[in-house]
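Trainee: Sharing a structure, written as structure tokens. Questions coming.
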């Protein structure tokens, strides 16, 4: 028995497998050609160790790869399930209005529909084909000529019908309220016409305000939340002089009134400020329009309502209204 073979076999587990695979054994190693045999045996033995190590490393890498694929597939399934859940949430929140909000908006429409139907049914039997929203000065002439005969006999019905139509147009942002203001001047005169227009315009703007707060704000919040937060912060910073800013916007033709009605509740303008600015700020423009309605026969187009002098007067009044806020802001350290 070879002592070297027993020692190597004791401390190296690869030796036994190598000896068996080569058909030799350290038990029967020849003593004559020992040197040559050891050299050949050492070289082959090292090669065997390296090949065995490579096999084990490949096996280990294969197992790691399988584990990685299993982990990746599990994470992919979790991610896909999360994506499906998020898609489900998006589908659920695609329409941001609740049932109560939709019911409220539908109730507003139903209220105006019933009001208009009630006014129409209380009028005497006649041909009312002329009753349509005026879109041109010619349409306004026809409507004025027919309503003049009804105003004296059915004053209350005409007033209620006029206010209902005006408020309806303001609420749902239907263009043409300027023709209704001209009609008020032509039918009721300057003082009554201005009071009627300011009342109807303020009521319509308030109705539009609450309708926008009911359904417009959730829609804007779902579409542009970042921009909404930005404008709300800007309004909050100017809360002290907000009434003056709103008066300036109402007095001057800087922004359309319909835009102010819709945007105010969305950017957190309080209703009491909105109401005061609307009821006061609409008086100058209403006066100019109603006064022009008295001479409706001389009016050829809407462009004749506001000349440079009238627009300059409105801007001057607007600057006066916003001056206290500007002066206070300038005096702040």
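Cβ atoms here come from the backbone N, Cα and C positions, even for glycine.
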Trainee: Which is it, of 49-73, 74-98, 99-123, that TrEMBL names as transmembrane segment?
Mentor: 99-123
Trainee: From the ranges 271-290, 291-310, pick the one that TrEMBL records as transmembrane segment.
Mentor: 271-290
Trainee: Taking 135-158, 159-182 as the choices, which stretch does TrEMBL tie to transmembrane segment?
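Mentor: Per TrEMBL, the stretch marked transmembrane segment is 159-182.
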Trainee: Which residue counts does DSSP give the domain 'VTT' (174-293) for helix, strand and coil?
Mentor: 104 helix, 0 strand, 16 coil
